[in-house]
Structures are given as C-alpha cells and as structure tokens.
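Chemist: Sharing the record's features from TrEMBL:
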BINDING   His7, His9, Glu94  divalent metal cation 1 binding site
BINDING   His130, His154  divalent metal cation 2 binding site
Amino acid sequence: MQFFDTHAHIGLIYDSPIEQFRVIQQAKSAGVTRIVSINNSLHDFKKEYTVLKAKAGIYHAVGVGPSEVTNPGADWIKTIEESVKLPNVVAIGETGLDYCKQYGDKRSQIELFITQLELAQKHNLPVIIHNREAGQDIFDILKDRIPEKGAIFHCYSEDGAYAKKCLDAGLNVYFSFAGNLTYRNARNLHETVLSVPTDRMLLETESPFMIPAEFREKKRTMPAMLPSTAKFLAEMLETDLEKLADQLWKNSCKVFNLPE
C-alpha cells in the first residue's frame, strides 16, 4: 500500500536540508512514496528545488501564492515559464485567492490568479488552488478559465454543496483533504467526502500545518502522517483502506500526469 502526499511545504518543516531528507525518508518508511513540494513564492521554490531536485519521489509545483501579491518577484512570469520546463515540475501553484488576510487588494489577487491559470493552460499543467473565503470568486473564474488539465482545491475548506456545484458545472476539479478532515468539528469536510466521488479525491498533509487528530500532541505535521488521514477517510466512507489508497494513488498520478 502506497500513498501520495499531494501538498507539503517541506521547506517549512525544517530549513536544514539534512532534516528535510530525514522527513522524506520517514515518509517513505510510512508508505508515503511520492510528495509534491509546495512553496508560496518563487524565491522559496528556487531554494527548495535546488535542495530536493535529485530526491526520488519528490515532485514540485511552481507558482506565486496570494500572500506574495504585492511582490511576486521581478520577471515572475518568465521565471514560472522557465521553471515548468525543469524535471519533475508537475503543476502551477499554489495560487488562488485569500480574502481572510489582508494580502494586497482583491483585484490584484484576481489578476495574479488569472495569469497563473493562463500559464497552466499554456504549459499543459494542472493548477493548485489556495482558497480562503473566496469560493464564489474562484468558482466564477474557473468557469471560464480552468486549465484543461484541471484544478486541485488544496486543503479543501468549502462544503459539499460547493463541491457539487463545481462538478455539476463540469469543472475538472479535484478536492484535496488535509489532516483537519480528522477533526470532530469539521462537519463541512465530512459532508463533502460523503457527497463527492472518490475518483475526485486527493489527500495531502499541508505539512507542517493541519496536524491530524491522532498526532495532536506533535508540534508539526509530517508527510509520514498522511496514512492517518487516509485511515480516517476510509472509516468515514466505510470502505477498505487498501482499496481507497489505490484509488487515491491513481487520482494523484492522473492529475499530475505521472505513471502509476
């Protein structure tokens, strides 16, 4: 049984490359054999890609998150277009909209998001979406601009009705659930997993954030903790864990265009 962590900020778990390598080895020992390394800025992408580019099973997304809207970097579009040509870069992201925190203004965030959707379409890649209190705007934008290769709602935070709306609109979207799925009060997430098809589900750790309930005493989330969330999801769906893990693996490989 193998697992795919579709979203981990490895560089935020530890800054030391040696510690990062240890995190990856611990993940593999736990059956998490593939991880997508995520960053919010191009500066951090360059740093992490340099450290992790030779590690087997580690893939990368490149993009500018809403937190960087006021300073995406000089020639940021050119930087993304050059970076997507690098080995094991499998997605644009994370990008999206965040109306929870004061990151610039909405218009600037939307322009940054749309440009990256266009880059994903141009380079035949999926996009990883950060959504905080911006669900309606993101839905409206995706209706016209979703890349052909699809979009991943990372650390899904909406409800079942929103997920259904996206699917009913014919959007090629995946819903990625993090460790907060295991929280007793996460009713919106529990409702969602019971209402969307398993072939549209992904799992992530969002390391070092969103610690699964089983590890609540820990200081940070690790990719090795992903099986705990998978087990919780299997119990919710009343399905066999191995069968679910196989489906999630296939979904992850499909969206990132990787061999199974």
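Placement of Cβ uses the backbone N, Cα and C atoms for every residue, glycine included.
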Chemist: If I take the Cα of His130 (divalent metal cation 2 binding site) as reference, which of the binding-site residues His7, His9, Glu94 has the closest Cα?
Modeler: Glu94
Chemist: Other than His7, His9, Glu94 themselves, what residues in this chain have Cβ atoms within 8 Å of the centroid of the divalent metal cation 1 site's Cβ atoms?
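Modeler: Sorted by sequence, the hits are Ala8, Val36, Ile38, Asn39, Asn40, Ala61, Gly93, Ile128, His130, His154, Cys155, Glu204, Glu206.
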Chemist: If you skip the near sequence neighbours and keep only those at least six away, which residues in the chain come within under 8 angstroms of His9 (divalent metal cation 1 binding site), Cβ to Cβ?
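Modeler: Those within reach of His9 (divalent metal cation 1 binding site), by Cβ under 8 Å and sequence separation of 6 or more, are Ser37, Ile38, Asn39, Asn40, Glu206, Ser207, Pro208, Phe209.
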Chemist: Cα-Cα, whole number of Å: His7 (divalent metal cation 1 binding site) versus His154 (divalent metal cation 2 binding site)?
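Modeler: With distance taken Cα to Cα, His154 (divalent metal cation 2 binding site) is 7 Å from His7 (divalent metal cation 1 binding site).
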Chemist: How many Å lie between the Cα of Glu94 (divalent metal cation 1 binding site) and the Cα of His154 (divalent metal cation 2 binding site)?
Modeler: 8
Chemist: Which of the listed binding-site residues (His7, His130, His154) has the least company, meaning the fewest other Cβ atoms within 10 Å of its Cβ?
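Modeler: Taking His7, His130, His154 as the binding-site residues, the minimal 10 Å Cβ count falls on His130.
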